[in-house]
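Record features, source Swiss-Prot:
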BINDING   THR30, LEU31, GLY32, PRO33, LYS51, ASP87, GLY88, THR89, THR90, THR91, GLY415, ASP496  ATP binding site
COMPBIAS  536-545  compositional bias 'Gly residues'
REGION    526-545  region 'Disordered'
Amino acid sequence: MAAKEVKFNSDARDRMLKGVNILADAVKVTLGPKGRNVVIDKSFGAPRITKDGVSVAKEIELSDKFENMGAQMVREVASRTNDEAGDGTTTATVLAQAIVREGLKAVAAGMNPMDLKRGIDVATAKVVEAIKSAARPVNDSSEVAQVGTISANGESFIGQQIAEAMQRVGNEGVITVEENKGMETEVEVVEGMQFDRGYLSPYFVTNADKMIAELEDAYILLHEKKLSSLQPMVPLLESVIQSQKPLLIVAEDVEGEALATLVVNKLRGGLKIAAVKAPGFGDRRKAMLQDIAILTGGQVISEDLGMKLENVTIDMLGRAKKVSINKDNTTIVDGAGEKAEIEARVSQIRQQIEETTSDYDREKLQERVAKLAGGVAVIRVGGMTEIEVKERKDRVDDALNATRAAVQEGIVVGGGVALVQGAKVLEGLSGANSDQDAGIAIIRRALEAPMRQIAENAGVDGAVVAGKVRESSDKAFGFNAQTEEYGDMFKFGVIDPAKVVRTALEDAASVAGLLITTEAMIAEKPEPKAPAGGMPDMGGMGGMM
């Protein structure tokens, strides 16, 4: 086991604070509409340019082990806020730095760290309550656009694109962000249910120019197992031919004789038909087939339920106004399912989302909800260079997370005003002793840190701005750093999601409280470097005359 180095008391805390400051100082330059960029060197490829706090925090690794521990703890604040709210990472980092700095001063003055932490926890809970009660719901898409714009560092175009995407797929819809090959940033919406399985044979194509198979007012057969022979379903196929409607077969696979027979019938013009593989694998495949059945008002033909293909009648099939299939995807639009049943299925999947602990499962379940409830939107981010596209994609991701958070828990005044107003609920609040009172005072002072930083990044004195806002009785009064004027922040369109502000404060106070109560730090001792090798011994050069 390698030797360890141990630091105690103020020596440990000073080294830790130094690490906290290095990381927080690098992150906080990005805060606000006039925040600056940070350039990050990459071991391969071009450097990365970003204004995303968590991206900066994740890149910082210090050579001094004790300083690095402090930095990593604050990095944890940014990561947790990012995971929970998707935005507000820089605000959380600035708050954590302010709480740690003030807290360590109080510890150095002889106060009890545990009582300070209790005071910090009491004050944080009180302010979080105030933020929740001050939140108001998002009323229209212009407010969604404003939230997105603020989070994208003032780029209104990004805010508008996100508002458009949310309007088209609904608040429950899935919105994904991808890099675009071109210059433009655009929104593409896939309505209906789409899954990533294409036609099993190009002979099913009905539109040769676009290489897609389109079926209008189609029947849909959902089969859980492989189809290798069509013999059992001849009566069903005859019923479909009589109805003169096209048929889509979704099965685990359609192979051999069955596929050949379908293709021959299609080419002879007797049967408008297409076949695709069922989406997903294992249990997820069963669940997705059931989703399609509910959406189209059909039944999944499953041997588990004792259903056989020879007994299937035409009324067991699903129906859809339109089915479009290309070589990679199948889209079912306007299924004939009952609205009440679809809503029941959606709430059932939502229940599973709440209960699951796996991020991957949660993401897949959310996709299923979106496909049943609204649709899927893709924001394709463009730019002049690859570096610009990546930087912009970071901001679109942040803005998208912020707007989702706003829809969930409502909005509050932006620009750090919600935190300064929240501090007013701490007036008159006292703890069990004077050290707890000091902890409450630490939070009251720290809550002004984000507003001060936003102002300072805009080249204005932060103390003056914080003082003016603190003295105002108008809860929406604040400083718009973009235009450098004071006034009603709601009218300026400077708003923040309540969830982001709340999460930033909770995570910052949680980690900062742990740092303040640190009394000893242990790290591996660096290995002593081996001395540089000298010239090898030549063994004497005797005998020379």
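For all residues, glycine too, the Cβ spot is worked out from N, Cα and C.
Feature map: annotations from Swiss-Prot on the structure.
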{"residue": "THR30", "record": "ATP binding site", "Cβ contacts under 8 Å, 6 or more apart": "ARG36, ASN37, VAL38, THR50, LYS51, ASP52, GLY53, VAL56, THR90"}
{"residue": "GLY32", "record": "ATP binding site", "Cβ contacts under 8 Å, 6 or more apart": "GLY415, GLN453, ILE454, ALA455, ASN457, ALA458, ALA481"}
{"residue": "GLY88", "record": "ATP binding site", "Cβ contacts under 8 Å, 6 or more apart": "THR81, ALA402, ASP496, VAL500, VAL501, THR503, ALA504"}
Checklist entry - For ATP, with binders THR30, LEU31, GLY32, PRO33, LYS51, ASP87, GLY88, THR89, THR90, THR91, GLY415, ASP496, what's the maximum Cα separation in whole Å? => result 17
Checklist entry - So which one is it: of the binding-site residues LYS51, GLY415, which has the fewest other Cβ atoms within 10 Å? => result LYS51
Item to check | THR90 (ATP binding site) - helix vs strand vs coil (DSSP) | outcome: helix
Checklist entry - Looking only at Cβ atoms, how many others are within 10 Å of the one on THR90 (ATP binding site)? => result 29
